[in-house]
Structures are given as structure tokens and as C-alpha cells.
Amino acid sequence: MNNRVHQGHLARKRFGQNFLNDQFVIDSIVSAINPQKGQAMVEIGPGLAALTEPVGERLDQLTVIELDRDLAARLQTHPFLGPKLTIYQQDAMTFNFGELAEKMGQPLRVFGNLPYNISTPLMFHLFSYTDAIADMHFMLQKEVVNRLVAGPNSKAYGRLSVMAQYYCNVIPVLEVPPSAFTPPPKVDSAVVRLVPHATMPHPVKDVRVLSRITTEAFNQRRKTIRNSLGNLFSVEVLTGMGIDPAMRAENISVAQYCQMANYLAENAPFQES
């Protein structure tokens with residue numbers, strides 16, 4: 001039997017499709033999301049409706065974003081969900097979540113079992129809309145969740161950690177084995193909750209500068225920042241900020257990256273390349 005076929009649908013590798021089918025895991029995720037009537041609930045990649053059905057049962061209206069034309073068509077004719085659903089058959093990577101929040105008149109509660117092949121770039125896309133989002137619950141590759149929650153001085157800590165924690169409070173929810181999916185992925189999975197900060201703990205003047213600094217630092221993570229960021233900061237400037245130039249990218253805290261970004265924004269304003 002082809003284990004890529006589930007409920008009559010052939011999982012498509014190009015969309016990174018792995019369908020959740022473990023009822024205990026599904027119930028645990030829905031409990032963590034805790035959807036309530038009247039909230040602007042949005043699901044990314046509903047697939048075969050493993051989460052859509054139990055979430056939709058609790059709601060009068062649910063918005064879903066599904067790239068796969070066949071799956072979007074299945075949802076339109078769903079026996080009890082169909083009338084409740086607003087379906088956008090498009091790519092979440094280019095979706096305007098700000099416009100949707102404005103249309104719905106409130107911040108969005110976003111959730112989904114994200115395709116692992118686009119999960120990291122999709123997270124960065126969503127971070128640009130955190131002022132329009134109340135919270136997010138996602139099933140991701142466990143390694144990605146580890147990176148999201150990692151602190152300084154750990155191997156998992158990287159640019160994704162810094163940017164996620166700049167925008168959100170990041171909370172791991174539960175771990176999920178490959179056996180919970182059809183077809184089973186080759187990696188472990190985990191669910192994470194991301195809640196955008198109501199008040200930024202480390203505000204930056206220009207987030208593009210923070211993005212640039214973290215990109216340059218972590219692209220050369222084995223180098224000391226004296227070398228990896230030497231084109232942006234002198235040793236004297238780093239020392240003046242209380243940052244040891246002999247540290248590496250993984251040793252610098254989110255607060256320190258934000259401090260560096262604000263210095264650079266004030267002294268060398270961002271130029272579009």
C-alpha cells in the first residue's frame with residue numbers, strides 16, 4: 001500500500017505534505033489553541049482537515065489558506081465545515097495577513113501544521129505581520145522549534161532564535177513522533193506557541209538593521225564578532241557597549257543584538273541595496 005495516500009489524497013512532496021492522523025495529538029493541539037467563537041481564527045495549510053474539523057466545530061467561521069487546489073476544493077464541499085469556511089487558495093508565503101486582520105476587525109489567531117520545507121521562511125514572513133496577529137500555534141520540525149526557543153551559548157541558537165524572540169514570546173507546547181503522520185516524516189515534530197509582544201522588551205529603531213546584523217553574524221558563526229561584524233563595528237564601539245569583541249554570534253543575547261542594531265541605526269542609517 002502507498003503510504004503517501006491518505007483519505008484518497010496523494011501527499012505531494014513539492015508541497016511538503018505530511019498529514020496528521022493521531023487523535024490524541026490532534027486533541028492536544030486543539031486544546032492548546034483553545035479556539036473561541038468570535039475570534040479571527042486562520043489556519044495555514046489545512047490539508048485533509050485533521051485540525052480544521054475539531055477547531056471548526058467550536059467556531060461559527062474559520063479562514064483557511066491552502067495552496068493545493070485539490071485540497072481547497074475538498075474543503076469547499078466539506079459536509080459540515082463548508083458553510084463556515086472562507087478559503088483562500090493561495091500561497092501563505094505571499095499572503096497579506098495585515099489586510100485580513102483589517103478586514104476581520106481584530107488581530108488574527110493563526111495556526112497550522114506547516115510544510116517543513118517552507119517553515120523557516122514562512123516564520124519570517126509572519127513576523128512582519130506581528131502587529132496584526134494575536135498568537136500563533138504551529139506544528140514544525142522539532143529542530144526548528146529548538147531553534148526558535150534556544151538561548152545564547154547553545155548550538156541551536158541562531159538568527160531564527162534572535163528574530164523570533166525579538167518579535168514574540170516563544171513557548172514549546174508538545175513533541176510529536178513521526179508515527180502521528182501519513183506519510184511519516186523522517187524527523188520528529190513539535191508544536192510551538194508564539195505570542196507577539198504587546199510591548200517590545202528590546203525595541204529597535206529599524207528592524208532591517210537587526211536583520212542585517214544577525215545575518216552577517218550567524219553566516220560566520222565560528223568567527224569572533226570582531227571579525228564577522230568588523231565592517232559594521234569597531235572594537236572600541238563594541239567595548240563601549242559592554243560587548244566583548246572576542247565573543248561569537250552564538251554568545252550574543254537578543255538584547256545585545258538589539259543594542260547593536262540601535263547603535264548602527266543612529267550612526268549609519270540603513271541603505272537599501
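Along the chain as shown, the residues are counted starting at 1.
Every residue, even glycine, has its Cβ placed from backbone N, Cα and C.
Take the S-adenosyl-L-methionine site that Swiss-Prot assigns to Asn18, Leu20, Gly45, Glu66, Asp91: the candidate from Asn34, Asn113 listed for it is Asn113.
Among the listed binding-site residues, namely Glu66, Asp91, the Cβ with the most fellow Cβ atoms inside 10 Å is that of Glu66. Taken residue by residue with DSSP, Asn113 (S-adenosyl-L-methionine binding site) is part of a strand. Taken residue by residue with DSSP, Leu20 (S-adenosyl-L-methionine binding site) is part of a strand.
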